[in-house]
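For A:6-68, the entry in TrEMBL reads domain 'MIP18 family-like'. The annotation domain 'PaaD zinc beta ribbon' is assigned in TrEMBL to A:119-159.
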Amino acid sequence: MSLTERKIWSWLEEVKDPEIPVLSLVDLGVITKVEIDKDEKVIISMTPTFIGCPALDYMKKDVEDVLAKNGISNYEVNVSLETSWNSNMISEKGRKALKQFGLAPPPKHNLIVDLDVLENVICPNCGSQNTVMKSPFGPTLCRAIHHCENCKETFEQFKPI
Amino acid sequence: MNNIALKDLLYKIADDQLIIGHRNSEWTGIGPILEEDIAFSSMAQDKIGHSYAFFNVLHELGESDPDTTAFLRNAEQFHNCQFVELPIGEYDFSLVRHFLFDHSEMIRFEMLTNSSFEPISLIARKLKGEVKYHIMHANVWIKKLGTATNESIERLQKSLDEAIPFALGIFEESKYEEELANEKIFPGEIALKERWIEQISDVLKQTELQLPDLSLTEARTGGRYGRHTEYLQPLLDEMSEVIKSDPTAEW
């Protein structure tokens, strides 16, 4: 069977965010390009969520591993800022996965993130909108801490950015 | 493109980010409340990540690799402003510094999104979204504590008065202002400072705090060209203790 970009995208579905093991890198939106050049070389472009994210090196390694596992030896994985990641790039499937994992997905925004966007978060546990932001910073760079006044649980949110 | 001017700009940004990042990280474990402990730690990680992005660009322009550049220079080879190297002090001082420095950083990145040097504009575009959180955090606390109790207002005011001469040192002009502006790499420190004054004044107006008269304040400059306070070298010694124990180790 010949190698297609589509097939590579499906392999990449297996690669999960090391800190959020239910979310694939494809659904996270950090894989920005998959190409096969005329020499059959596979070129994958990735972009970081947060520039200081320590998970990026692991993600890159995991992408390389999945290519190798599928018998690809001629490949290149590049990290580039050409496509600048924002949280709108998380897919619908990704948002559902985040919610099931107990992380509130980031609301879609018009690229202007202000306090209104930050404070309107639905509790991933009970679905209530009666929540308050405790801190825009959390245990990893991409998470904020909120509290639900309805079910009294504190929860984390994948930050809109 | 003028590489000397470009490197001069990149070094000061990278060094500011690296040093303020390490200072912020000193709050890890000792923040006044848990959320603030996490906030300063998280911002520290962001800022050190930012410095890495700029050190990488420097590396592409022929400088040493990021680890060597970050950890194996002496104080007089650093281009950060003196403001970022000052000890964290009490929480009020760190908060005021965070407020004053991060506003300047945000405006600098906004200006750099239009830089003619693409690697810088790409990073700046990316970082703006991250720094926005830092600004929001700083503004919330300055407004809250700047209108809270007599003690909180007095303490912030005292820190503000102490910080301002150093904060003005952020805008120490480069030897290459003209080249950078002509080549549309960066519009310049004077333009940055004007916008900064507007932005911080807008927030301070909503508090009981008074911005000292800037025309009567002498800026603490020198940092951009290696003149530092007594506080930088001990910080660098601490930051580089591990790498210096075995510079060739593989991690």
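The backbone N, Cα and C atoms fix where each Cβ goes, and this holds for glycine too.
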Inquiry  = When secondary structure is assigned with DSSP, how many helix, strand and coil residues does the domain 'MIP18 family-like' (A:6-68) contain?
reply    = 25 helix, 18 strand, 20 coil
Remark   = Mean pLDDT across the domain 'MIP18 family-like' (A:6-68) comes out at 94
Remark   = Tertiary contacts of the domain 'PaaD zinc beta ribbon' (A:119-159), defined by C-beta under 8 angstroms and 6+ residue spacing from its ends, are 19-20, 49-50, 52-53, 55, 87, 90, 98-99, 102-107
Query = By DSSP, how many residues in the domain 'PaaD zinc beta ribbon' (A:119-159) are helix, how many strand, and how many coil?
reply = 1 helix, 16 strand, 24 coil
